[in-house]
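S.K.: Would you mind keeping the following structure in view while I ask a few things?
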Amino acid sequence: MAKLILVTGLVLLLNVQLGSAYNLVCYFTNWAQYRPGLGSFKPDDINPCLCTHLIYAFAGMQNNQITTIEWNDVTLYKAFNDLKNRNSKLKTLLAIGGWNFGTAPFTTMVSTSQNRQTFITSVIKFLRQYGFDGLDLDWEYPGSRGSPPQDKHLFTVLVKELREAFEQEAIESNRPRLMVTAAVAAGISNIQAGYEIPELSQYLDFIHVMTYDLHGSWDGYTGENSPLYKLPTETGSNAYLNVDYVMNYWKDNGAPAEKLIVGFPEYGHTYILSNPSDTGIGAPTSGNGPAGPYTRQAGFWAYYEICTFLRNGATQDWDAPQEVPYAYKGNEWVGYDNIKSFSVKAQWLKQNNFGGAMIWAIDLDDFTGSFCDQGKFPLTSTLNKALDIPTAGCTAPDLPSEPVTTPPGSGSGGGSSGGGSEGSGFCAGKADGLYPVADDRNAFWHCINGITYQQHCQAGLVFDTSCNCCNWP
């Protein structure tokens, strides 16, 4: 009995020391800095207490070597990795690739042993130089989108060689081993064409399953971005387009549940309804919904942009079979996730013993708390609490929850925040949007519900009316 008590106490002690049994992996995108006004987001805006792992997206590749993409990546790398000074348990990774990167550079790199070795050597040097703890491979996708069938096996070879090189480097440098993870497909045909699941799972630390973009305007009818379950009426391949099916497919085909990280989107897909009175799931559509004022991409709204849509009178509904919400107003329709659906999915994740959650992306959450009246980072915080992520010993940043107030026209010292007075000043009577400031090319007016906010581009950039964005002069 004494031994049993001792063992039980030891297990409890280990659980306390190790923290949560789950991981919360949060992507940050290096183009979020270019969003206007309150949407602009940089590493300093990240709360380092929310996630167990942060991933910087994206790096590129030239001549089979990892490279920066943005002009200020090196500066942002430092700010990103400095977040570990405020959370000693935080791990940071650098993601390479992404959808827009395509497949050709990966195909060339994996095609020969020499090319792979060139890549691996450059990765180790790069990660150590800039202070990252690992590499996230975002090849979308091996064996698809122009990638030849042999890349399925060569991807396994690459991951195996990366893992072995990381292990050897850790011994030689007497430093913790660099992690190797991958963001992988949710579409069954892409999974089958791209991944040797049992073999890959031996070498990857985490498998980040991109369980979103399961429906969009490309379908020609409304659908949820990331439904937990299928609709009762869905048959054939449509019955595969849900989080539950995809995650269990990976598990049933050889991936350990504890390495599988479930994708959670902090954005929604928008549609134009063909008939504004037909508003349910599966309603005919005629294309993408309009771009949001911050993310500026047709068919796509950040969570905080969705909150504005809801606040402006959209009808909200709950898709009970799929455990996710949708909303509509006029001919605009959005399928998305909210606090309730994140909570439901987190409980399902725990019941199925998956390794944790991955969010795309932390810069799409309501990080200022200005849009949704749910506090700062409401979606990410929901997962943090649901997965029992420890925050002891971590120092959160003090983000402003409202724009810094300065009289319209008086200017400010830079940054992305301005201010104004309700119903007065430049924006009185004007439509919501961004407007140039006549005597200051670095500044712009941001009008929201008649309220005037003067905001500034980053130093060296000017407000460009052709794109309503900050651009090089």
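Here the Cβ of each residue, glycine as well, is placed from N, Cα and C on the backbone.
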S.K.: Among Tyr22, Tyr141, Tyr271, Tyr304, which residue does Swiss-Prot annotate as binding chitin together with Glu70, Trp71, Gly97, Gly98, Trp99, Asn100, Met210, Thr211, Tyr212, Asp213, Trp360?
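M.R.: That chitin site, as Swiss-Prot gives it, pairs Glu70, Trp71, Gly97, Gly98, Trp99, Asn100, Met210, Thr211, Tyr212, Asp213, Trp360 with Tyr141.
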S.K.: Going by Swiss-Prot, tell me which one of Cys26, Cys49 is disulfide-bonded to Cys51.
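M.R.: The record-listed partner cysteine is Cys26.
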S.K.: Tell me which of Cys372, Cys394, Cys427 Swiss-Prot records as disulfide-bonded to Cys49.
M.R.: Cys394
S.K.: Of the residues Cys307, Cys427, which one does Swiss-Prot pair with Cys372 through a disulfide?
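M.R.: That record, Swiss-Prot, gives the partner as Cys307.
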S.K.: In three-state terms from DSSP, label Tyr141 (chitin binding site) for me.
M.R.: coil
S.K.: Over the domain 'Chitin-binding type-2' (424-473), what does the predicted model average in pLDDT?
M.R.: 72
S.K.: Taking Glu70, Trp71, Gly97, Gly98, Trp99, Asn100, Tyr141, Met210, Thr211, Tyr212, Asp213, Trp360 as the record's chitin-binding set, what's the max Cα pairwise distance in Å, rounded to a whole number?
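M.R.: Site span for chitin, by Cα atoms: 31 Å.
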S.K.: Give me the long-range Cβ neighbours of Cys49 (disulfide bond): same chain, 6+ apart, Cβ under 8 Å, in sequence order.
M.R.: Arg86, Asn87, Asn384, Thr391, Cys394, Thr395, Ala396
S.K.: Which has the fewest other Cβ atoms within 10 Å: Glu70, Glu140, Asp213, the recorded positions listed?
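M.R.: Each of the recorded positions Glu70, Glu140, Asp213 was scored; lowest Cβ tally within 10 Å is Glu70.
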S.K.: Fewest neighbouring Cβ atoms within 10 Å: which of the disulfide-bonded residues Cys26, Cys51, Cys307, Cys372, Cys394?
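M.R.: With the disulfide-bonded residues Cys26, Cys51, Cys307, Cys372, Cys394, fewest surrounding Cβ atoms within 10 Å: Cys394.
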S.K.: What Cα-Cα separation, expressed in whole Å, is found between Asp213 (chitin binding site) and Cys51 (disulfide bond)?
M.R.: 23
